Amino acid sequence: AAPPLLPAEPGEESSLEEQRAAPDAGSPISSFFNGSGTKRLPQAIIIGVKKGGTRALLEFLRVHPDVRAVGAEPHFFDRNYERGLAWYRDLMPRTLEGQITMEKTPSYFVTKEAPARISSMSRGTKLIVVVRDPVTRAISDYTQTLSKKPDIPTFESLTFKNRTTGLIDTSWSAIQIGIYAKHLENWLLHFPIGQILFVSGERLISDPAGELGRVQDFLGLKRIITDKHFYFNKTKGFPCLKKAEGSSKPHCLGKTKGRTHPDMDQEVVQRLRDFYRPFNMKFYQMTGQDFGWD
């Protein structure tokens, strides 16, 4: 006989509280036949930062059998919040008991309203921030924009409000995003620091298995992703997966990843290093981690 079908998901009009209280009907086997599981709001979110290594982290994590993630960036807590939690939940993949639902939207980290909004969805949400040397992050950000709009001004001219005085234009988002300590203060008004994991974008490249070990521990997952899963692609300068999720082929990140950065005026780079140093020091203090950016 055909396995009994699970009842349909609770209607969107019933409150999330009621849905959470409703027991999952049927055995894991019957839910497997019924499109495997239930859509749940994410228990963990990669909230930042842009050009830090968030796509790499998400792709590496998806190798884990207990991680189910949305591929595209939902941008719910910054751009689509008025669509409501039911809309957001509907974007999520189905999960079985014990699996973790995840998404990544790197702009959340710098969005003023995001901490309060995520906290009101669930105060227990685990947050992951992939951070990278703010200077190389800014150059990478600029490089990405340049690839889409080749006629933008030079990096140097965008960096300074006034080249003569060397005053840095902190309103330019490429600079603004890297002031991590300032953004973090906003999150700490709503979440304890222990609920936020800071992943080093540099170590994600130099020692992916080591960083993934920390992430799996933080998420309460078995350490399944190990160095056996990675090989280093010399052309790209990136670690790649020997097998991607649901495939037997090796998988490197797409063509837009690992772009060559244009040559920068070294004096400008030095000015930026000096500008970021005090913020970096404060960030190391706040997180209890030295990222070795200077």
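Each residue's number is its place along the chain shown, starting with 1.
Yeah, the Cβs are placed from backbone N, Cα and C, and that goes for glycine too.
Where the annotation comes from TrEMBL, it is an automatic prediction and has not been curated.
Looking at 1-35, 71-105, 211-245, the stretch flagged in TrEMBL as region 'Disordered' turns out to be 1-35. In the structure shown, across all protein chains, Gly53 is the one of the binding-site residues Gly53, Gly258 with the greatest number of other Cβ atoms within 10 Å. Take the CB of Cys240 (disulfide bond) and look out to 10 A: across all protein chains shown you find 19 other CB atoms. Among the recorded positions listed (Lys51, Cys240, Cys252), Lys51 has its Cα nearest to the Cα of Thr260 (3'-phosphoadenylyl sulfate binding site).
Cβ-based neighbour count (10 Å, all protein chains) for Lys51 (active site, for sulfotransferase activity) stands at 23.
Ranking the recorded positions Lys51, Cys240, Cys252 by the distance of their Cα atoms from the Cα of Ser140 (3'-phosphoadenylyl sulfate binding site) places Lys51 first.
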